[in-house]
Amino acid sequence: MSTANFSNPVVRWIDHRLPIFSFLHHEAHEYPTPKNLSYWWNFGSLAGIMLVIMVVTGITLVMHYTPHVDYAFASVERIMRDVNSGWLIRYIHMNGASFFFIAVYIHIFRGLYYGSYKAPRELLWMLGVVILLLMMATAFMGYVLPWGQMSFWGATVITNLFSAIPLVGDHIVTWLWGGFSVDNPTLNRFFALHYLLPFVIFAVVVLHIVALHRFGSNNPLGIDVKGPQDTIPFHPYYTIKDLFGLAVFLIPFCAFVFFAPNFLGHPDNYIPANPLVTPAHIVPEWYFLPFYAILRAIPDKLMGVLAMFGAIAVLFILPWLDRSPVRSGKFRPVFKIFFWLLFVDCVALTWLGGKPAEGWYVTASRIATAYYFFYFLIALPLLSIFETPKPLPKSISESVLGGSGGPAAAPAAAKEKA
């Protein structure tokens with residue numbers, strides 16, 4: 001890596017001894033990026049920004065939160081009512097979790113459609129799935145901390161799932177609880193892990209970015225960069241594009257924070273936790289609902305738990321399930337149909353996860369669960385063999401410039417018309 005020449009003498013002095021500025025200049029400023037990235041590529045950086053917002057607001061909230069079953073609910077109320085701007089910080093944190101998942105889920109679906117999991121980016125994809133798992137664990141533990149009714153009973157239901165594991169299940173549940181029921185030791189453990197895991201996520205995100213820069217970003221065409229003519233520097237082109245995307249993303253985020261801060265929450269969580277009163281309908285946060293629907297779709301407890309975790313585990317092996325040589329869904333007409341059915345299927349699972357586990361809701365959940373696994377385990381391997389994709393463009397530049405070979409083609413075409 002070449003050393004950049006900085007005009008500031010202090011920066012130059014530091015960089016000569018610790019080339020951190022040269023590293024950032026090379027990896028963020030001059031980093032060659034495919035010139036055809038669409039706005040769907042903004043959601044990776046948006047997810048990173050939401051992670052920073054969550055950590056900053058979380059650290060602020062921790063300064064006023066009391067991790068004890070007798071005081072947790074009251075300490076949250078104190079943050080809302082007595083701490084300067086405490087209501088704002090908490091609402092940013094609450095709704096930030098939802099918007100963090102929105103950014104990540106869009107990021108994942110973009111990767112699924114454009115084949116970002118295929119060689120040589122398998123490890124990049126797998127690190128992304130690890131980030132998703134860590135996010136889910138962090139969000140679940142954070143949901144327990146306010147110690148409202150849904151916090152307590154959500155913790156009870158989800159931790160009890162581990163009791164389905166043969167032989168050691170009950171021991172695992174007792175270890176998670178720190179006793180024989182969800183109580184103060186449970187709250188303390190979840191608080192400690194909720195504080196720790198975001199920094200683990202940061203570490204995995206760094207690895208994710210390192211893996212990304214090893215082979216560069218995928219692009220809407222799903223073809224490799226052929227040379228400098230196919231790329232542009234990340235700055236200023238994509239920094240400006242990311243800033244514009246951030247401004248647009250913050251509009252609905254701020255709308256929720258200021259005008260509908262509790263829309264994505266559950267009213268029962270504004271009731272202090274009571275082990276003697278079970279809510280009529282226990283549901284997790286919306287971003288867990290697809291997996292919750294899969295869990296409830298299967299009558300057997302162990303098989304339901306395996307299916308729920310399998311819904312995420314299948315993402316780890318996705319690069320080896322889809323063996324098509326074509327990455328992008330733009331050139332795979334049959335794949336495109338199955339993909340959009342998967343999208344509708346996941347939306348349906350989200351809706352069904354919030355409904356009671358009775359009647360036709362259960363039947364619909366089973367159909368949706370069956371299609372989810374059918375897509376990954378059967379449809380993708382078969383499409384890899386039988387689908388005939390459309391022809392690919394020779395290069396990114398050919399596609400961007402209209403396939404005429406280069407910038408000189410435009411004046412030539414104009415002259416021919418004249």
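Even glycines carry a Cβ here, placed using N, Cα and C.
Please treat TrEMBL annotations as automatic predictions, because they have not gone through curation.
Feature annotation from TrEMBL assigns heme b b562 binding site to HIS93, HIS194. The heme b b566 binding site annotation in TrEMBL covers HIS107, HIS208. What TrEMBL records for HIS213 is ubiquinone binding site. Under the heading compositional bias 'Low complexity', TrEMBL lists 407-418. For 10-221, the entry in TrEMBL reads domain 'Cytochrome b/b6 N-terminal region profile'. Residues or ranges marked as region 'Disordered' in TrEMBL: 399-418. The transmembrane segment annotation in TrEMBL covers 39-66, 87-108, 123-145, 157-178, 190-212, 243-264, 302-321, 333-352, 364-386.
TrEMBL feature annotations superimposed on the structure.
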residue : record                   : Cβ contacts under 8 Å, 6 or more apart
HIS93   : heme b b562 binding site : MET54, THR57, GLY58, LEU61
HIS107  : heme b b566 binding site : PHE43, GLY44, ALA47, GLY128
HIS194  : heme b b562 binding site : GLY58, THR138, MET141, GLY142, LEU145
HIS208  : heme b b566 binding site : LEU124, LEU127, GLY128, ILE131
HIS213  : ubiquinone binding site  : GLU27, TYR31
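Long-range Cβ contacts of the transmembrane segment (123-145) within its own chain (Cβ-Cβ under 8 Å, at least 6 residues beyond either end) map to 58, 65, 67, 72, 76, 97, 100-101, 104, 107-108, 111, 116-117, 151-152, 154-155, 158, 186-187, 190-191, 193-194, 197-198, 200-201, 204-205, 207-208, 211-212, 214-215, 284-285, 287-288, 312, 315-316, 318-319. Sequence-distant contacts of the transmembrane segment (157-178) (same chain, at least 6 residues past either end, Cβ-Cβ under 8 Å): 140, 184-186, 188-189, 282, 284, 295, 301-302, 304-305, 308.
Confidence for the domain 'Cytochrome b/b6 N-terminal region profile' (10-221), expressed as mean pLDDT, is 97.
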